[in-house]
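Colleague: Below you'll find the structure I mean.
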Amino acid sequence: MGLFDKIFGSYSDREVKRITPIVDKIDSLGPEMEKLSDEELKQKTFEFKDRYAKGESLDDMLPEAFAVCREASTRVLGMKHYREQLIGGTVLHQGRIAEMKTGEGKTLVATLPVYLNAIAGKGVHVITVNDYLATRDKEWMGQLYEFLGLTTGVIVHGLTNDQRREAYNADITYGTNNEFGFDYLRDNMVIYKEERVQRPLHYCIVDEVDSILIDEARTPLIISGAGSKSTDLYKIADFFVKKLREEEDYTIDEKAHAAMLTDKGVAEAEKAFGIENYADANNMELQHHITQALKANYVMKRDKDYMVKDDEIAIVDEFTGRLMEGRRYSDGLHQAIEAKEGVKVQRESKTLATITFQNYFRMYTKLAGMTGTALTEETEFREIYGLDVVVIPTHRPVQREDHSDLVFKTAKGKYDAIVEEIIETHKTGQPVLVGTTSIEKSEYLSSLLKKKGVPHKVLNARYHEQEAEIVSHAGELGNITIATNMAGRGTDIKLGEGVLEVGGLKIIGTERHESRRIDNQLRGRSGRQGDKGHSRFYISLEDDLMRIFGSEKLQSVVDRLGLEETEAIESKMVTKSIENAQKKVEGNNFDIRKTLLGYDDVMNKQREVIYKQRSQVLEGENLEDSVQAMIEDVVTSAVQAHLGNIDEDDFEKELGDLIKYLEDIMLPHGKFTVEELKTSSNEEITRKFIECAREIYKEKEEFVGSEQMREIERVIILRVVDTKWMDHIDDMDHLKQGIGLRAYKQQDPTQAYQMEGSAMFDEMINNIKIDTVRYLFHVKVEAEKPQRERVAKETGASHGGDSQEVKKKPVKKEPKVGRNDLCPCGSGKKYKSCCGREVV
């Protein structure tokens, strides 16, 4: 704590002081609320809604609404909010992060701002880390909301669209970040507005906010369809890298989590694949496959980064140890790991829609979060999300003793000492929770305990199903639980009978995590609600953190002391050195996330433009003027491209090419000739082409009817936009993969990505116009009463958020035309190259 904080109190102290008068006001309303009958208490909700509709702000209603919620909670749940919980609720309503220690009742705290903000009638979302917690909290707290006249819903995996829509239309909706994010993406892929399930994003409270907004920030949500590329090259690249020798043919950079070929390795690749220059742009695909094969074989570790389960590769969440079901590494890394492990290599998928959690959650009008550990990441929360962190005081003083770290020379010495400590503690009956950083290490420690005949339970990704059950018993007398990192987070560890008498729950950390926050979370499992407890971390100089980021100074101290394998040192200097190593890694990880956000912000602005225009089309905006403007733009830009600034000698050739080009898109074959137009000015040519195209379009509309034509325009525009957007996502991804090399040319990669990405976006918009006009002029429909289903079918449009791409072909009510026959439209081209071409 700095001198300023000692004199004036910390930022959180000052904020809590500021909120105290509001809490006093809530307290003073208590007796008044106690006098109300159940029905009168419920009527308060409708009174608040009426006052809100008349212009009273939620801030003004806060003391009264919180007092109503507090009284209802006492009656329905038998739980009355403490003053500290009222402070936490106020912080959450203000759109901030409330740091509340484990066991301080975060679930109950959230009911206050959730109730108040639900009064606005715009929907409140409560985000949890898994389906189990979402369902539990909805059922538990739903009793309170329903008593107060509000509706609740829960979004879990496997619901139908109608069930999802119903849940989102409730006043309060619980669910996981994945479900909310995927629903947003799917809503922006539908053909009919009635198929959307979400309402506009209004107010959101994220439980375990650090886990979702920071730990998962680097993992984008992706909806994908099957790709078409062969998987053979992954197997060939894997076969090649398995023969390479470390240091000689490749090197590993543990800090960057990457592996690279040496000059000798490059020569080996050129020889093996029969190429002259490995670095040549033509060999980019090969470079990519070899790079991913190197990373898969020599950087990614089985049972730490991923597991092989049912002949498939399952990603292990590095922070929780849980399996990330349904998630795959992007950029071909997943396929490279599949090749390494000898399981079936799945085809690389095509991205249909994608968004990062960073950008999804920044779309809410108001965002708030709660967690036991946020202060260490305060800078990131403020810079990325505009959220500040307020530490809420605990209801009872923390009595847990956090002991200094013990540092050993070797990992073996460390594990021997841990086993010894567990055995000694077990004799007293004190329960022990041991935190490890990987499945591999938890199982290694388990094997050591088995050899000594010590009974214990192991909790990691392999036993995900029993997670909550095992964790809930971890505080019972004599229990020993080994857990991978934060597995079981969200489930309280309550102390069993007689445990306080033997010192409460003992926490043993088997090594320091890269992030201090994860260490604090482990410590926080003990000492809830003022209970006694103990915690200590055991560290060796062979641990990843110490080996990669630890200081040489610490190593030299250990060497000078001449420590034996079983001896440990314990000092403030050592702890400081370890914290500095962690700060270094945290800073490094923050920079990576910030850089990725810089790239994603470019895509985000483009996504917003596309989704906004898409929404306007869905909402029924009259598209007639837009289509006419597209026709004009396509003709004008084509004339400019062919006839602008050219030599007189080339004029007739370019004019002929222009006519052919526009005949392919919209003009009737043979209507215009070079002879007829060669004396006309560019402006005159443009005018004639536009007039002709408009005339043809008008005739088409008169034939099918205006209402049917507007519907056809809507479906075709949506599908062309979707197709081009999907291709653009791929193109931007490829651009990002190679953009890092710009640094060698003294260019800022982010700036280069922004400029080139912007040019690619403009090109995509232009191509959308061209394809939309082409399909509108080529589509053949019969005149009859418009039917949305039929129009969608005829233009090849699919319903809903289908993750597979849809092939669209114009429907013709004529005898079937062979793909190699001349096209009946009169263009002179083969049917497959003209009206029979596929839209996607």
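Quick reminder: no glycine exception, Cβ is built from N, Cα and C everywhere.
The ATP binding site annotation in Swiss-Prot covers Gln85, Gly103, Glu104, Gly105, Lys106, Thr107, Asp492. The feature region 'Disordered' is assigned by Swiss-Prot to 787-822. Sequence annotations record features per position, and here Swiss-Prot assigns compositional bias 'Basic and acidic residues' to 802-819. According to Swiss-Prot, the Zn(2+) binding site annotation covers Cys823, Cys825, Cys834, Cys835, on the basis of sequence analysis.
Each of the listed features needs to be described in terms of its position in the shown structure.
Modeller: Around Gly105 (ATP binding site), a 10 Å sphere centred on its CB holds 18 further CB atoms from the protein chains shown.
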Colleague: Taking the center of the Cβ atoms of Gln85, Gly103, Glu104, Gly105, Lys106, Thr107, Asp492 at the recorded ATP site, which other residues in this chain have a Cβ no more than 8 Å from that point?
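Modeller: Leaving out the recorded residues gives Met100, Thr102, Leu108, Val109.
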Colleague: State which of the following binding-site residues has the fewest other Cβ atoms within 10 Å around its Cβ: Glu104, Asp492.
Modeller: Asp492
Colleague: Which residue, of the binding-site residues Gln85, Thr107, has its CB surrounded by the fewest other CB atoms within 10 A?
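Modeller: Across Gln85, Thr107, these binding-site residues, the one with fewest Cβ atoms within 10 Å is Thr107.
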Colleague: Which residues in the same chain, at least 6 apart in sequence, have a Cβ under 8 Å from the Cβ of Gly103 (ATP binding site)?
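Modeller: Non-local contacts for Gly103 (ATP binding site): Asp492, Arg528, Gln529, Asp531.
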Colleague: When you look at Gln85, Gly103, Glu104, Gly105, Lys106, Thr107, Asp492, which the record names as binding ATP, what is the longest CA to CA distance in angstrom?
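Modeller: Largest pairwise Cα separation, rounded: 17 Å.
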